[in-house]
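Quick look at what TrEMBL lists:
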TRANSMEM  A:36-53  transmembrane segment
TRANSMEM  A:65-87  transmembrane segment
DOMAIN    A:104-207  domain 'P-type ATPase A'
TRANSMEM  A:218-242  transmembrane segment
TRANSMEM  A:248-273  transmembrane segment
ACT_SITE  A:ASP306  active site, 4-aspartylphosphate intermediate
BINDING   A:ASP343, A:GLU347, A:PHE376, A:THR377, A:ALA378, A:GLN379, A:THR380, A:ARG381, A:MET382, A:SER383, A:LYS394  ATP binding site
BINDING   A:ASP518, A:ASP522  Mg(2+) binding site
TRANSMEM  A:587-610  transmembrane segment
TRANSMEM  A:616-636  transmembrane segment
TRANSMEM  A:656-681  transmembrane segment
Amino acid sequence: MSKREKSQSLLDPAILKPALLGSLTKLDPRELVKNPVMFTVEMVALAATVLTVRDVVTGVAGSGFQIQIVVWLWITVLFATFAEAVAEGRGKAQADTLRRMRSETMAKVLLGVGDTFEPRRAHTLKVGEKVLVEAGDLVPGDGEIIEGVATIDESAITGESAPVIREAGGDRSAVTGGTRVLSDRIKVRITAEEGSSFLDRMIALVEGAARQKTPNELALSVLLAGLTLIFVLAVVTIPSFATYAGGAVSVVVLIALFVALIPTTIGALLSAIGIAGMNRLVRFNVLATSGRAVEAAGDVDTLLLDKTGTITLGNRHATRFIPVTGVTEDEVAQVAQLASLADETPEGRSIVVLAKEKYGLRGVDVAELHARFVPFTAQTRMSGVDHEGAVIRKGAIESVIEHARSLGITPPVDEVTRIATTVAKEGGTPLGVSRNGRILGVVYLKDIVKGGIRERFAELRAMGIRTVMITGDNPQTAAAIAAEAGVDDFLAQATPEAKLHLIREEQAKGKLVAMCGDGTNDAPALAQADVGVAMQTGTNAAREAGNMVDLDSDPTKLIEIVAIGKQLLMTRGALTTFSIANDVAKYFAIIPAMFIAFYPQLGVLNVMGLATPQSAILSAIIFNALIIVALIPLALRGVQYRPSGAAALLRRNLLVYGIGGLVVPFVGIKLIDVVVAAAGLA
Amino acid sequence: MTLNGWAQIALFCGLVLLLTRPLGGYLDNVMAGRRTLLSPVLRPVERGFYRLAGIDPSEEQSWWVYARAMVVFHIVGFAFLYFLLRLQDLLPLNPQGMSAVAPDLAGNTAVSFLTNTNWQSYGGETTMSYLSQMAGLSVQNFLSAATGIALAVALVRGFARAESKGIGNFWADMVRVTLYVLLPFCLLLTVFYVWQGVPQNLSSYVEATTVEGAKQTIAQGPVASQLAIKMLGTNGGGFFNANSAHPYENPTALSNLVQMLSIFAIGAALTNLFGRAVGDERQGWAILAAMSVLFLAGVVVCYWAEAGGNPLIGALGVDNAAGNMEGKEVRFGAPLSALFAVITTAASCGAVNAMLDSFMPLGGMVPLINMLLGEIIIGGVGAGLYGMLLFAVLAIFLAGLMVGRTPEYVGKKIEAREVKFTMLAILCVPLAVLGFTALASVVPAGLAGPANAGPHGFSEILYAYTSAAANNGSAFGGLTANTVFYNGTLAVAMMVGRFAIIIPMLAVAGALAAKRKAAASAGTFPTHGPLFVGLLVGAVLIVGGLTFLPALALGPIVEHFALLAGTLF
C-alpha cells in the first residue's frame, strides 16, 4: 500500500475524542432519519424512556429492570452514531491538512499583454483566466499549462516527494491547485473554480461530507427498512395474542424484543462501512468522484490495461544479437555497442550492458573515440555515431534498409525481414544494426513483463474478470507478450477509436469495463468505461472524463481498486447476513421469557438455560448493543478478501457470517446472562 | 411410519419429477405462442376469440397496463359471480331449490374463488345450485388459475427479456393458458374421475334408507368436472363440504394419487418453464430443488407426527399402530392423509382429504407453516413460482453482496427498485395474517369463532387468516366462519394476499425487463447449485420463521409441549 498509510488505531485519542462528541450530535433525529433502522430504535427508546419515567414516578414494581433496558436501548443508538463518527474521524485529519494548503494563495493574474499581471486572491479566480506561476509559487488553482515547462512538487496531494515535470501540450499539461512550482515559470489557464476544484473534491471526499448513498447502499437500506416493518408487525400483534392466552406482556419488553429483532447491527454499521471503503481508496491514493464508481469497480467484468507501464516495465531490454549470414555475433555486438555508446535511452544503455556482460566488450568513452554522435530523430528513426569514417547506425528495420539503399547498397531484405519477424513473434522489438550501410544483424529488444503480474492476472481470472492488454505494437509482438503475461486478450495497434469501440462492444455484451488512461485522446474511452481511472500526471481532459484519479499514476492499481470495491460490497453483505442470522438466538432468549408467565410449557424453548426471564431479555439487548461495537473494527477494515470465484467466496462467507451469525449470539447471550445473573442485575 | 407409507410418498415425488420437464416444455411453447400438438385444432378458436374481443395478441403491454387489465378483469369477474350467487334461486339448474346466498357469504365466496383461495364458509351441497357451481365457481376456478399462470409467466419474461418495455399481453396469456392447458387437461381428468366413480350429473339428490333404517340424503351433481379444475388449478374448493375426503369426490387410492399429482403438476412445470425462458434449465431445477427440500421436510415431520399417534390415547390402551386416525379416512390412512395435507397447503390448493383440526399439534403446524411461508413450495399455479422468485430476489440480495458484486439473478442486477417492490410483496402476508389474527383474538365477534379453548382455539383463528391471506383456502375446521365478521375480514385478507403481492410483483417484472442482461462469469454468484438452493431455503425459513415464531409459539408449539405434559385442548 501507499506510503501515506498509517495504521490508524481505533483507540487513537485524536480520533476517539471528536468521535465521542460526534456520536452525541448525531443523535439529532433530523440527521438520524437518514438511517431508518437506527431512527426507529431512537424513537422506541424515547417511548420506552417516557413509559419508564412514568412507572418510576408512579412507583410501579420492577422499574429497575425497565431502567436497565432503556439505558441499553440508548447505548445501542449511541454505538451506531459512534461507529459513523469514528469512520468519519479517520478522514478528517487528512482533510485538515489539505484545507490548510488551500487558504492563503495569491494568484498572479495575467492581463493579456506580455507578462504583466496583477496579484489577486486565489479564490476569486474564474474559469478561463490565465495566471503566471513562478518558482516558489503555489499553483493557485486547477489548470492547464499553456506555456512553459516546470518542475512541480506535488507531495501535498500525492504524498510523493520527488518533483514531477509538467509542460505545455501533450499529456502532462495538467496542474493542480495547492502544488508548488520548484523551478522555471509557467502560464496556466484556470479550469476549475474555487469550490469545485480537485482539492475541494478531495476534502469533501475524505470528510464524507459529499457522501451520498450508493445504489447498493440504497437498496440495502430499503431491505432493512422492509425487515423492520415486518418485525413491527410481528411485535405489535403480540399483545393481542397474549390477551387471548390470558396473559400480558409489558410494552418495554416488547420494545426490547423489537429492537433485538430488527437488523440493528448492519443498520448501525452501514454508513461506517461506506465511509471506511472510501477512505481505504483515498489511503491508496485514489480519488473517486462518487461512491457509485467504487461500487461499480466491484462489478467490473473486463479490465483494459495498457501494456507499457502496467504489464511490462516501461523500458525494453536488449537480450540478444542476431547476425545475418556471414557475420559473427561478436561483430554485431561490437557495432551495436558503438552505436549505443552515446545513447542515453534505457534501450541504448541495455545494449551496452548486454555487449559488456555477454560478449566481454568494455565500454568506451565516447569522447575518447572522437566520434560524432548522431541522435535519434522522428524523420530518420535511427541513431548512431560517425567514427573514423565509418557510418554506424541502429534503428527500425525499415529505416535501416532505407538507409542502406540510400548509400547504394543492396541489403539482404529477405533475411533481415525474416529475423525481424521471428523476433516480433516472440514478443520482442527488432532493431537493425548497420555499418556503412551494410546490415550486420538485429538487436533483440525484449519487453520485460513485470514480475508477479502473471499471478495477478490469474487471480483476476479466478474472480471472473477478463483482462485485455492494449498496445500500439503489431499483432505478433502483442500476442507474444499477451501470452507471456497471461492476459486473456489483447488489442494490438490500438488507436483511441479502437479502444472506444472495444469498450462499447464489451458493454453491449452486458459487461462492465474498467480502464485507465492519461492522455487527452483517452478521454472518450475513459468517459465511456464504467470505471475510468485517470492518472494524476495526465491531462485535465482525462481527469475530468474518468470517475477516479490515481494520484500515484500507477496503472497497476486498477486491480486494487477492483478489490476495494468488492471488499466494500462483501462487508455489507457479510454484516447483513450476520445481523439477520443473530435473530434466531435472540428469539430463543426472549420468546420463552416473554410468555413463560402464562405458558410455563414454553420454558422448554429456553435452550440456553438463561437464569431468569428478566436476565434473558436484558442479556439479549446487551448482546445486541455490544455486538455493534465489537464489529466496528471489521466494518472499518472490511472483511477479509481473497481473490477467488464467487462460489468459493460465498461458501466461505456464508460459513463465517451466516453460520457464525447463528452460533455466536447463543454463546454471547449465555455469557452475558451469567454475568448479569452473578451481578444481580436482573 | 411404514415402508409402504414411504413408498407411496416416494412414488408421488418420482411422478412429479417425471412430469416437470415435458409439461414445462409444453407450457413454454404455449405461452410463447409457438406451435404445439393442439395448435391445428385450437389455433382457429384462439384467433376467433381475439377477433371477437378486438385484441392483438402480439401487442406488448407494460407492467402497468398488464396490471390494469388484470384488475379490470377481476372486477368484472367479481360482479358476475356475486350476482349469480345472489340470484341463484331465480335461475335455472337448481333442482334442490337452494335459496339465494346471503350478501356477506356471496361476497366472501366471490372474492375467495376470484383469488384462487376457495375458502368456503359454506357447505357446497347445502348452499350452491348447480348453475352456481358450474357457471360461477368452476368458471372462476379456471380463470383464477389462468391468471396465476399468466402472472408468473409475466415475471419470468421480466427475467428473460433484456431492455424491453413490455412483459407480454394479459389477454393473450389468459386465452392461451385456458385454451391450451387447463381445458384439455381438465377434459381428460374429468373422464378419468368419472371412471373412478365420481358423479357427473344434474340429478336431484337421492333419498336412501340405510340398513339401520335411517334416512340418508345422497348429494349428486356435476362433481367430476369441477373436481378436475379444483385440483389442476390449485383452487381446492370442494363440491361437497367434506371436500376430497368425501367418497364421491375422492373415491379411490388411484383417484387420490391423480388428485395429488394434478395439484403439483403445473406448479412444478412452471419452474422448468422459468429455466427454459432464461436459457438455463438448471435455474429452474434449482428453484424446484429448494421447493422440494421444504416440501420433504414438511412431509417427514407431518408423517412422523401423524404416524406416531396421540400418546395420551395410546396410554388409554388404544392401539396406536395406524397412527393418529381421528378425522382421517381409512382408505387413505396416516401416510396419504399427511402427504395430502402437506401437498395441499404447500401448493395453495386447500383441498383436504382429512380433517386438519384433528391432526397432532406438530402435524397440523406443518400445513400452517407451509402457508405462512407464503405458499412458495410449488405453490398455487403461478403464484408459487412468482412467490418463490421474489424470495430468490431477496435471498440473492441478502447474501449476494457477499461475493463482492451487485447481486445478480439470472443476469439481472437486483437494485433498489426491485428490492423495494419485493419487500412490499413479502410484507403482505404477515400484514394480513398477523393483523387480522390479532384483531380476531380480542374482539368478541372474533372470539365467538373458535370451537376450542386455549392455544388450539388460537391456532384455529391463526389458520383461518393464514389460509385466506396465503390464498390457500383449506380450513382447519373448528372455526365458525360463516359470520359477517369472519366473512368480511377473511375476504379482505384474501384480497391483500392476492393483489397486494401481484401488483408489486408485476412492478418487479417491469423493472427487470427493462434492464440489460449482465454476462455471467466466474465472479457471478452461481444460482443453479446446491449452495444457492441452501441459501434460498435458509432465507425462506429465516424470514418466514422470524415473522411468525411468536404466533406459532402461542399456538401449535405451546399446544405440543402441553400435550407432552398431558394437557389437551
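Counting starts with 1 at the first residue shown.
Just so it is clear, glycine is given a Cβ too, placed from its N, Cα and C backbone atoms.
Mapped onto this structure are the features recorded in TrEMBL.
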residue	record	DSSP (3 states)
A:ASP306	active site, 4-aspartylphosphate intermediate	strand
A:ASP343	ATP binding site	coil
A:PHE376	ATP binding site	coil
A:MET382	ATP binding site	strand
A:LYS394	ATP binding site	strand
A:ASP518	Mg(2+) binding site	coil
Residue, out of the recorded positions A:ASP306, A:ASP518, whose Cβ gathers the largest set of other Cβ atoms within 10 Å: A:ASP518
Residues of the parent chain within Cβ reach of the transmembrane segment (A:587-610), under 8 Å, 6 or more residues beyond its termini: 238, 242, 245-247, 249, 253, 256-257, 260-261, 616-617, 619-620, 666, 669-670, 673
A:ASP518 (Mg(2+) binding site) versus A:LYS394 (ATP binding site) - Cα distance in angstrom: 31
Positions whose Cβ lies under 8 angstroms from the transmembrane segment (A:656-681), at least six residues beyond its ends: 68, 574-575, 577-582, 584-586, 588-589, 607-612, 615-616, 618-620, 622-623, 626-627, 639
For A:LYS394 (ATP binding site), the number of other Cβ atoms found within 10 Å of its own Cβ: 27
Sparsest-packed among the binding-site residues, when each Cβ's other Cβ atoms within 10 Å are tallied, from A:ASP343, A:ASP522: A:ASP343
Considering the transmembrane segment (A:616-636), which listed stretch of A:36-53, A:65-87, A:218-242 counts the most C-beta pairs under 8 Å: A:65-87
Listed binding-site residues (A:PHE376, A:THR380, A:MET382), ranked by Cβ neighbours within 10 Å, top entry: A:MET382
Long-range neighbours of the transmembrane segment (A:36-53), counting only residues six or more past its ends (CB under 8 A): 27, 29, 63, 66-67, 69-70, 73-74, 76-77, 80-81, 221, 224-225, 228, 251-252, 255, 258-259, 262-264, 266-268
Inter-residue C-alpha distance, A:MET382 (ATP binding site) and the residue listed as 'active site, 4-aspartylphosphate intermediate' (nearest angstrom): 26
Residue numbers, six or more beyond the limits of the transmembrane segment (A:65-87), whose CB comes under 8 Å of its CB atoms: 10, 15-16, 18-24, 26-27, 32, 35, 38, 41-42, 44-45, 48-49, 51-52, 55-56, 208, 250, 252-253, 255-256, 259, 264, 267-269, 271-273, 275-276, 279, 614, 617-618, 621-622, 624-625, 628-629, 632, 635-636, 681-682
Cα distance (Å, whole number) from A:ASP306 (active site, 4-aspartylphosphate intermediate) to A:PHE376 (ATP binding site): 25
Distance from A:ASP306 (active site, 4-aspartylphosphate intermediate) back to A:ASP522 (Mg(2+) binding site), taken between C-alpha atoms, in Å: 11
